[in-house]
Amino acid sequence: SLSKLQLKTGDLDPRLFSRLRHLQKLDLSDNLLDKFPNSLTLPDLRVLNCNNNKLEDVTALKQFPLLEELTYENNVYLTLNDDYKVMFLLQNLRLLNGKDITKLANHVRRVNSNKLTSKVTAHWKKFFRDQLPEKYTAEQVKSIKKKFLKSVQTNVVCGPSSLSEFTRWRVKMIAEEFLANSLGLELNSDTESEEKPDENEEESTESPREAAEDVAQVGDFSSYISNVTVTPSKRKRNHSKSSPGNKRSKTQTNTKEEAEEDVSAEPLHFLQCHSKGNSREDFKTQLWSCVFEPVLDSGARKDPIVSSSRTVATCGGESVCLIDCETGTVLKKYKVATEEFFSVAWTTLTMVISDSRKKAHNILAAAGRRGIVKLIHVAADFCYGEIKAHKKPIATVCFSPTQETHLFTASYDKRIALWDIGIPDCDYNFKASQLLVLETASIPLRIALVPTCPEQYLLAGCEDGCFAWNIKLDKGQKSRPFEAIFQFPGEESLTTSHRVDGLAFLNDDVVVSKSSKPGCIYLWSWSKSFDAKGKGCQRTMSAVILAELEWSTTDMSYLTLSTCPAKEYVFCGDEKGSVWMYNLSTYTTAWGSLKGKRSERRISPTQILKWPELRVNGEQPPEILVNNVVADPAFTYLVVLTSVNITAIWKKS
């Protein structure tokens with residue numbers, strides 16, 4: 001009960017309320033509220049009393065979908081129209097201001113909606129359908145949409161004049177859905193209940209529901225990414241047959257033999273959840289990093305078919321999001337208004353939280369332009385600390401697979417630092433300490449720990465080559481130069497070295513690295529290339545090349561690659577929005593037994609997933625670069641991060 005406290009809307013702090021996950025009854029009567037914030041969440045709220053306030057609008061109540069009983073008597077600005085709006089928005093509502101509204105609500109949701117839909121459709125056919133040419137431009141669409149929405153709200157009437165405001169509200173909603181659903185015309189609607197972000201809020205943990213309002217979904221026609229041609233897909237969508245978004249095309253493959261190896265994958269979701277200030281017009285925010293959450297008994301959601309996580313952390317711009325790949329729901333969102341996040345990494349810490357029992361919890365580290373690492377206890381929706389790691393931006397972070405508190409941060413200050421982040425106590429007090437600094441000759445872009453000896457050697461792809469360091473902590477020296485630089489074909493001296501902007505291990509020995517030399521992805525052997533017995537630092541070693549992958553001929557940098565070791569796959573996106581996939585399982589056994597013998601021909605991709613036709617505001621987005629593409633460990637989902645603020649999620653069928 002928060003009754004009679006002189007509360008104003010600004011006093012309802014979303015950061016506090018979003019943590020009340022199990023609250024079922026809330027009394028806000030006899031206060032000074034003029035509206036509800038859009039992001040209180042309260043996912044389990046069943047009973048709400050806001051009598052005797054100054055409420056002017058009820059549409060924000062749609063954020064409480066389980067609400068069964070609602071009272072808002074003596075709010076002088078609310079009318080009969082608002083009663084009808086809440087009956088439509090709240091599908092579980094039984095009692096409104098003490099009266100049973102079950103029958104009336106069913107009528108409003110079904111009969112009234114059907115009548116209005118018929119009238120809206122008829123209005124389009126009679127007055128507007130013939131105005132739209134067979135081939136139309138975005139400008140023509142915009143113009144006709146504007147005229148139609150104005151005309152339909154003026155001319156379509158239903159029921160008594162006392163309900164005209166509700167009727168106009170529903171007619172606009174139905175007309176917008178009709179334009180998108182039946183005709184594939186993109187919508188950019190401004191619904192009354194739209195969230196207006198708090199510009200002054202510098203840091204916030206956003207709730208799942210608030211975050212979901214930022215999201216654009218394929219097939220969700222009230223959103224701002226629609227009219228999608230998906231490729232390849234066997235999944236049925238709710239497009240009508242006349243929709244221009246219904247074309248299908250096959251995935252590009254290389255040969256008949258390789259076509260048999262095709263991975264049948266379908267695009268599930270296209271999300272726009274990293275927008276600056278939640279702007280639906282933001283198609284400029286670059287998305288950089290994504291990592292699947294480790295599976296915990298009580299943590300990440302497991303896919304029912306495979307024992308793998310289906311939740312992924314993504315970052316770009318001012319926000320970090322946690323997404324359920326199956327449903328496309330943004331489960332959590334964390335924002336820092338002055339930050340641009342470049343990298344995220346997970347670890348699992350055994351913590352003592354409240355009842356003195358030890359329990360494993362997933363912790364997310366996020367870092368970027370400010371050189372600060374944010375530490376987030378995801379299950380508690382709580383950023384519990386930060387480490388001021390570098391004075392310049394952090395390009396990438398990664399945790400040790402064997403020491404759960406050891407975090408590596410690679411920065412534009414030409415240093416890679418190793419931190420012990422400690423384990424927070426029940427009050428989230430923690431102590432972080434720097435254990436090691438690795439000096440780099442140029443900016444480190446990607447880092448990878450050697451799987452067979454993750455506490456001894458670290459590899460880094462840098463602006464001017466690929467380097468290795470000895471990171472063993474029993475050595476006295478805290479600041480260390482690199483131990484080896486690897487030379488690749490065509491690099492006769494250090495002056496001809498290339499930027500290495502992609503780096504990952506395919507298995508315990510095979511390294512996959514991508515160079516800025518156009519179309520160049522090498523697979524090479526760590527054990528055959530690195531001479532552990534040699535003495536001294538800064539030695540040049542020739543990378544023993546096992547094979548080269550055929551990839552795009554672009555000279556565009558920073559389109560990184562990833563691997564799925566369990567399935568022996570390599571993934572790399574290109575400058576056209578496509579994802580190149582390489583199934584290398586037929587090669588790895590042979591490489592293990594080779595004496596440095598290299599595959600003669602370049603290995604072609606097993607499959608290329610083409611970017612679907614995707615319309616934004618009636619037009620296709622401009623150049624789409626795939627900055628990163630990552631599969632979960634079991635290769636069920638593929639998450640594609642782009643340069644145009646769109647996260648695409650594919651699922652292997």
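FYI, residue positions are counted from 1 along the chain as it appears here.
Positions of Cβ are set from backbone N, Cα and C atoms, glycine also.
Under the heading domain 'Leucine-rich repeat and WD repeat-containing protein 1 LRR', TrEMBL lists 2-174.
Among the features that TrEMBL reports, region 'Disordered' is placed at 185-213 (among others).
TrEMBL lists 189-205 with the feature compositional bias 'Acidic residues'.
The region 'Disordered' feature in TrEMBL is assigned to 232-264 (among others).
Positions annotated as compositional bias 'Polar residues' by TrEMBL: 241-254.
Residues or ranges marked as domain 'Leucine-rich repeat and WD repeat-containing protein 1 WD' in TrEMBL: 264-652. Across the domain 'Leucine-rich repeat and WD repeat-containing protein 1 WD' (264-652), the prediction's mean pLDDT works out to 89.
For 387-421, the entry in TrEMBL reads repeat 'WD'. Beyond its flanks by at least six residues, the repeat 'WD' (387-421) meets 289, 342-349, 363, 365-373, 375, 430, 432-449, 451, 454-455, 458, 460, 469, 471 of its own chain at Cβ-Cβ distances under 8 Å.
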Checklist entry - What are the helix, strand and coil residue counts for the repeat 'WD' (387-421) according to DSSP? => result 0 helix, 20 strand, 15 coil
